[in-house]
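Participant: This is the structure, below, for whatever I ask next.
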Number of protein chains: 2
Amino acid sequence: METPILRMAGEPEDSNELYIKREDLLPFSMGGNKVRIGEAFFDDMKQKGCDCMVIYGSRHSNLCRVLSALCKSRGVPCVMICSHEDGEEQEITNNTLLVDWTGTEIVHCRKQEIAAAVEEVMNRQKARGMAPYYIFGNKYGTGNEGTAAGAYAEAYKEIREYERRRGFSFDYIFLPSGTGATQSGLICGKLLMGGEASIMGVMISSREYGRAREVVREGVASYFEKTGKSLPEDYQKEIHLLDQYRQGGYGRYDVRIEACVREVYCRDGVALDPVYTAKAFWGMKEYLKEKQVEGKKVLFLHTGGGPLFYDYLTKREKASL
Amino acid sequence: METPILRMAGEPEDSNELYIKREDLLPFSMGGNKVRIGEAFFDDMKQKGCDCMVIYGSRHSNLCRVLSALCKSRGVPCVMICSHEDGEEQEITNNTLLVDWTGTEIVHCRKQEIAAAVEEVMNRQKARGMAPYYIFGNKYGTGNEGTAAGAYAEAYKEIREYERRRGFSFDYIFLPSGTGATQSGLICGKLLMGGEASIMGVMISSREYGRAREVVREGVASYFEKTGKSLPEDYQKEIHLLDQYRQGGYGRYDVRIEACVREVYCRDGVALDPVYTAKAFWGMKEYLKEKQVEGKKVLFLHTGGGPLFYDYLTKREKASL
């Protein structure tokens, strides 16, 4: 389903035209980019002849929420491996509550023990006679980069069609960059379908910059390999990653991002969450200011995360009591 | 903006085809029917030359959330009168938190003191040099029924167009019936544009049945009067209200509705809340079973209420700890 692209009110001092693509309105499990990506993983699982899903993410994971709901609605068993950072507070999130509703088993592990946890769960499911599918490939989480990227290579078409209808080109597309799959996909789309926009991933996690770039590159290369298309030699010039707005890493934010959440809701009635979308939106605004970008058409990809918005709303309220 | 109509999975034993119109995906302030209705009130306020909004609702009110956000985004002062039932628990809701974010002043009153509170706020705003607009008309909340109804007279077009595209007619349209405005609007639409569907309001509040019927009737009559169209004599036969599924009244629900919330999420990835949409959805299913309705095409209007879904998700979690 196509999601709308809408003009944002912006601040009075903005000289740029801001637009937002509302992936948060995808009509399944609270929406978000992970709906498209989850569907792509699901199709890939079936193509590979597997009958059981093994998923991985943190307690904030939107992907795990969507995949657990997809599996439940289609009668496919699902196990989630949920990693925790050392010293992270163990508060329950809306996303893990929803994963729990679907009957998905949650296996907890420390951030350093993911590979071992994946291996154990895969072996256990095999011993039960199932053919498990780990969404990220091998136990180290590599080998399946092209699948998730494919979803946004497709979605990029909608942006191109919007540009054609409106008779203009975006100069920039900003989005939160976490796993890198959505960004890889958009880059694939641009390489295949053309377009003027620079695709700008705003890093929201603590992933090391060089590694993050490499993951986006792998996603692009892997999608082209998978689909048998020929990859332009200079494709790496399309990878733009901003690492200066992550405020200490994944899940961390300060009052500037909190103000952004509230301001965007009050100006445009759009809910952003501080872990992903508000951090990226704030980073985008800072970038445009710092680089003195003016008079441009700028698209922000709202990648969803409604449950995290409400985690924040409720937590903030508790804190102020 | 048009919202999608989607086929629902339904339960294996369903012989009816279930569809859902996703008003919850309207792209402003978490969506829902109140986005269309809020816009209609806003336009009416401007037409009447007013410059200050006075709104009324309970702490669960989706309308107040939307109107406060509309006012904030357009620079119009707004005051919310928030009523409380005697003995009602005073827990803060996501909707009142969001109203608070917009800077809307909240005036609390008891359920029996609404008229006095409205009068006081109106007088105070006038004394400050403003021209206040009370959304529901006079201080007793009557006189402006046609405005809200107009929003859904318009939205009914989208249902007719969907029927035309698909080459079939719905047999039923079910929706939660609280204030009655959405139902009045759909009935106006049907009277003006035709259609086969019986429009079934599932009462979710403790409003007395005869009074509820009268309010829906007034909404219809008032819209026709406002627009100068001629009202068919037998229009009252279009009013169908079900009062047997309200489970003790507004905001009350038992395990059957809780099961419905969870089942619909697990089957279709759709979030319903126990105060409005899940109560109506459950009532619809009960009605279809009791009346042995089979082989029909049934549309459910998802009127939104995302913040109430998360109120429930969080509360349920707390209760289970």
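Every residue number used here counts from 1 along the chain in the order it is shown.
Cβ atoms here come from the backbone N, Cα and C positions, even for glycine.
Annotations for this protein, taken from TrEMBL, read as follows:
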- A:S61: active site, nucleophile (ACT_SITE)
- A:3-304: domain 'Tryptophan synthase beta chain-like PALP' (DOMAIN)
- A:K34: N6-(pyridoxal phosphate)lysine (MOD_RES)
Participant: Measure the Cβ-based neighbour count of the residue listed as 'N6-(pyridoxal phosphate)lysine', defined as the other Cβ atoms within 10 Å of its Cβ.
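Facilitator: Total other Cβ atoms inside 10 Å, all chains included: 31.
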Participant: Between the Cα atoms of A:S61 (active site, nucleophile) and the residue listed as 'N6-(pyridoxal phosphate)lysine', find the distance and write it as a whole number of Å.
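Facilitator: About 9 Å separates the two Cα atoms.
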Participant: So, three-state DSSP: helix, strand or coil for the residue listed as 'N6-(pyridoxal phosphate)lysine'?
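Facilitator: DSSP call for the residue listed as 'N6-(pyridoxal phosphate)lysine': helix.
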Participant: Among all the protein chains here, how many other CB atoms are within 10 A of the CB of A:S61 (active site, nucleophile)?
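Facilitator: Taking all protein chains shown, A:S61 (active site, nucleophile) has 25 Cβ neighbours within 10 Å.
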Participant: Restricting to the domain 'Tryptophan synthase beta chain-like PALP' (A:3-304), what is the model's mean pLDDT?
Facilitator: 95
